[in-house]
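Report on the structure given below.
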Amino acid sequence: MELIITEKDNAARRIADILSGESASSTRRNGVNVYRWGGKRVIGLSGHVVGVDFPEEYSDWRDVEPVELIDAEVEKTPTQESIVAALRSLARDADRVTIATDYDREGELIGKEAYELVRDVNEDAPIDRVRFSSITEREVQNAFDNREELDFDLAAAGEARQTIDLIWGAALTRFLSLSARQLGDDFISVGRVQTPTLRLLVDREREIQAFEPDDYWELYADLEKDDDDFEAQYFYRDEDGNEAERVWDEDLADAVYEALAATDARTTVERVNRRTRTDSPPEPFSTTQFIRAAGTLGYSAQRGMSVAEDLYTAGYITYPRTDNTVYPDDLDPEELLDEFVGHYTFGDDAESLLEIEDIEPTEGDEETTDHPPIHPTGEIPKKSELSDDEWEIYELVVRRFFATVAEPAVWEHLKVVAELDGAVSIDLPEETDDVTLKANGKRLVEAGYHDVYPYFNTSENYVPDVEEGEQLAIAEARQEDKETQPPRRYGQSRLIETMEKLGIGTKSTRHNTIEKLYDRGYVEGDPPRPTKLAMAVVEAAEEYADRVVSEDMTSELERDMTAIAEGEATLDDVTEESREMLGRVFEELVESREEIGDHLQKSLKADKTLGPCPESDHDLLVRRARGGSAFVGCDGYPECEYTLPLPSTGKPLILDETCDEHDLRHVKMLAGRQTFVHGCPQCKADEAGEGPILGECPDCGDEHDGELAIKQLRNGSRLVGCTRYPDCDYSLPLPRRGEIEVTDEHCEEHGLPELIVHNGDEPWELGCPICNYREYQARESDSGSDLEALDGIGAKTAEKLADAGIESIDDLESAEPDAVAGRVDGVSEDRIRKWQAKA
DNA sequence: GCAAGGTC
C-alpha cells in the first residue's frame, strides 16, 4: 500500500481525485478523512501536528526562573493526537510513503514531522517527497512522475526558527509578566513578530503625540468659461523649483486673496497641456493585496481572511494564503472565463473579456512555489448559497481575476495654467512675479478594466477646453485656512503591508498577529491605537532587549535559516549562538527587574484610569467584578467604596475624550456590531435616575426593588426602563416626540400609571406602557413573526415553532429548550440555546 | 498560561 501525506484535508481530497481519476472513495479513520482507491491511501494533516515545548518541569511560571528556559531542552510532542494516531496506523501497513505537503519551507518541516512519525512505526518503507505549486492535474502528475527526496536541511532551518522563537518568546514573556505580577490571563507577551509589529504602532503614536501643527493657507479661484466655471488653485515655485500650493505666510496669503477677489480680476491662459495616461490593471491577488482590497470594503484583516477560508473550503476560490502574484502556466484564462459565460452576474463581463484577442494576465514581482495567486476556481456558487459577506468577497475575487486579464484604462489629463492679469503689488515668493493658477482635469477615456473591477475610484475632474491666450474672468475667490495634520495611524491593511515589506510574519500569520495585539490589551479601536501598556512594553524591550523589538531579528534569522538550508551552518550552531545572545540580554534584564515591573504596573493602571473620584483623593478605574462584568470603582477601595455602573454588554474601552463636567474619560462598549459609545459614566448614572418613577419593575422588583422610570437617552430616544440599569435591562419603548404626562389613573393589570403624549393638537392616550407595548407587539406579529429576524430561523422553522406555541422572540426567550426540542421536529436543544443567546 | 508557524 502506498500512503500519501498532504498538509491539509482539502489537498488530500483533490490529489486523490486527480490520481485516481475521480474514483477514490472517502473513509474515516480515527475521525480523520482517508481517501482510498486501489492500493493507495491519502491522508491530510492539519498543518503541524506536533509542536515544540519545554519539558513538564518547566511549566510552572513561579517555580522556574525565566532565565533557566534559555538552556532548557526543547521537546516535540503531538498536538493533534487523532491525526497522529491515524497516520501511525496507516504507516504501519505502508510499503511506500509519499510526502506531498506544501512546496515551501514550513511544508518541508511539516513533511519531516510526518517522516519521523512514519519512521517511528515503520523502518523500511521508502519515503519520497513530491513538490507541486498548484493542485492541477498536470502539476500533480508531473510531481508524482518525478519523485524527490525530503530536504532535511530545509526542514532544519524551520526547526531553528521554532526553537529560537520559543526560547526568546517564553523567557521574555515570563520575565515581564512576573516582574509586573501579571500572571493568569493578563500576562505580558513579547515575540519576534508581535513586538516589532507593536513597535510600528507605538512609533507612529509617538510621532502623533509629538506633532505640532503649522498653519498654512490655500487659495482657489473659480474661472469662468462660457456658462461654466471651474476651480483653479494658486501655486508658486518653491526654492527647489517644485510646484507648491501651501502658502506659509499669512500676509502673502491675504495679499494673493485680495488680488484674486478684486472685482475686475481677470486671468489669461498661459499653458494648456493635454496628455493621455495608461492606467494598468492590478496584479493578481496575494494574501496581502487581498486583505487590502477587502479592507476597502470594510472587512477587518481577520474577517476578510475568515470569509476567504470559507470560500476556499467550499471549493469556490483557490487557497487564500499565498505570497504569489504570478499565475502559473497551468491557468488558462480563457478556459476560466468560459466558466462564467451565461452567469447572471458575471456572464456579460466574462463574454466581453473573451473578445480580447491575446489575453495576457498581469504579473506582480513576487513569484513563489507554494500556491497560485488567489483566483476563482470556476466552480461557481449560487448567490443564495452564500451569506452576504461571502458573496461580496467572492465577487471581489472573481472581479480581481477579471481585472488581471482585462485591458488597461486610459485617462486624459488636462492641465491649464492661467496668470492673473495686470501688475500685482505683492511681495511674491522667489522666482515668480506673477500670481499663477492651475487646474488639473482628468477624464476616463477608456474604462478598460474598471468596467469589470468597480472598486477603484474613477471620479473625473471636469476642466473645460480652453485655449492659450484666452482671457477668463474670476467668478469667485476662496482662501482656506488649514493646518498640517499629524501622521495617520496605521490601518490594519497598511500594517499588514508594512509587515510584509519588513519581512516579519508570514502570509498565514500576519492577520493573526494583529488580532493577538488586541487580545493582549496592546491595542484598542480601529485603526489600532496602542495602549499605555504597549508603550511600556516597547520601551522596556527597546532598552533591554533591542533585538526582539526590531525587525532585524527576523532578517538575521532568515539569513541563518538560509545558511542551514544550504548546508553552510547547522541547527545547533545557530540555536546555540541565539541562546548566548539571549543570555547576555538577561544579565542586564534581571538587574532592573523592579524598575521594569514598576513601569509596567503604572502603565497598566493608566490604561484603566478614568479620572478623579468625587468622594476621595484617588482615581476611578474600570474594574472587573468577580462575575466578569465591568464597573467603575475607586482606586482607594476599600476605604472608598464609590462605584458607577457600566452597561452589561461588551468590553469597555476608555476613550481619550473627557467629560467637561466630571473630568472623567468617556467609555465605549465594544460588542462587535453592537458597539456603542456609553459616554461619561457619571453623566450616565445621573441621567438614569432622572424622570418620574412609575412603579415596580416587573423583572426585578420582587427580588431587587428595581423600579421603572421614564428615561431620556443621550441619542434623544426615550424609554421606560429599570432604575437598576445596567444590571436589569428591562425596558419599554416610548415615542420620540411630544411631552409625556403621567396621569393618576393606574392600569389594573400592571399597576402602572396611564400615560398621555402631547404632540400636536390631539393628545395621544398611550395608556399603561406595558399594555401599549403588548399591543404594539401583537400588531407586529400579525404582519409576520419576528422570529425570522433571528439568524438561523427561516420561514419554515418559524412556522414549525409557531405550531409548538412559540410565536415570538419573547416566547422563545422564556421557553425551556428541552421541552421545545421535544415538540419540534429537526430542532435540537443546542440550536434553541443558540437562538436564545442571539435573541 | 509563554512564540510563531501551520490549519479549521
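Glycine residues also receive a Cβ, built from the backbone N, Cα and C atoms like all the rest.
Annotation source TrEMBL lists domain 'Toprim' at A:1-136. The site 'Interaction with DNA' annotation in TrEMBL covers A:HIS48, A:ARG161, A:ASP165, A:ARG321, A:ARG520. Under the heading domain 'Topo IA-type catalytic', TrEMBL lists A:151-586. Among the features that TrEMBL reports, region 'Interaction with DNA' is placed at A:189-194. Under the heading active site, O-(5'-phospho-DNA)-tyrosine intermediate, TrEMBL lists A:TYR319. Per TrEMBL, the feature region 'Disordered' maps to A:362-384.
Location within the structure of each feature annotated in TrEMBL.
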residue	record	Cβ neighbours (10 Å)
A:HIS48	site 'Interaction with DNA'	17
A:ARG161	site 'Interaction with DNA'	21
A:ASP165	site 'Interaction with DNA'	17
A:TYR319	active site, O-(5'-phospho-DNA)-tyrosine intermediate	21
A:ARG321	site 'Interaction with DNA'	20
A:ARG520	site 'Interaction with DNA'	19
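It is 27 Å from the Cα atom of A:TYR319 (active site, O-(5'-phospho-DNA)-tyrosine intermediate) to that of A:ASP165 (site 'Interaction with DNA').
On the backbone, the CA of A:ASP165 (site 'Interaction with DNA') and the CA of A:ARG520 (site 'Interaction with DNA') stand 18 Å apart.
Note: the Cα of A:ARG520 (site 'Interaction with DNA') and the Cα of A:ARG161 (site 'Interaction with DNA') are spaced 23 Å from each other.
Mapped onto DSSP classes, the region 'Interaction with DNA' (A:189-194) shows 1 helix, 0 strand, 5 coil. Remark: secondary structure over the region 'Disordered' (A:362-384) totals 2 helix, 2 strand, 19 coil, with classes taken from DSSP.
Secondary structure of the domain 'Toprim' (A:1-136) per DSSP, as helix, strand and coil residue counts: 50 helix, 37 strand, 49 coil. Each residue contributes its Cα atom, and for A:ARG321 (site 'Interaction with DNA') and A:HIS48 (site 'Interaction with DNA') those atoms are 16 Å apart. According to DSSP, A:ARG161 (site 'Interaction with DNA') is assigned to a helical segment.
Summarised as a single figure, the pLDDT of the region 'Interaction with DNA' (A:189-194) averages 98.
Straight-line distance linking the Cα atoms of A:HIS48 (site 'Interaction with DNA') and A:ARG161 (site 'Interaction with DNA'), rounded to a whole number, equals 14 Å.
In this structure, A:ARG520 (site 'Interaction with DNA') belongs to neither helix nor strand by DSSP; it is coil.
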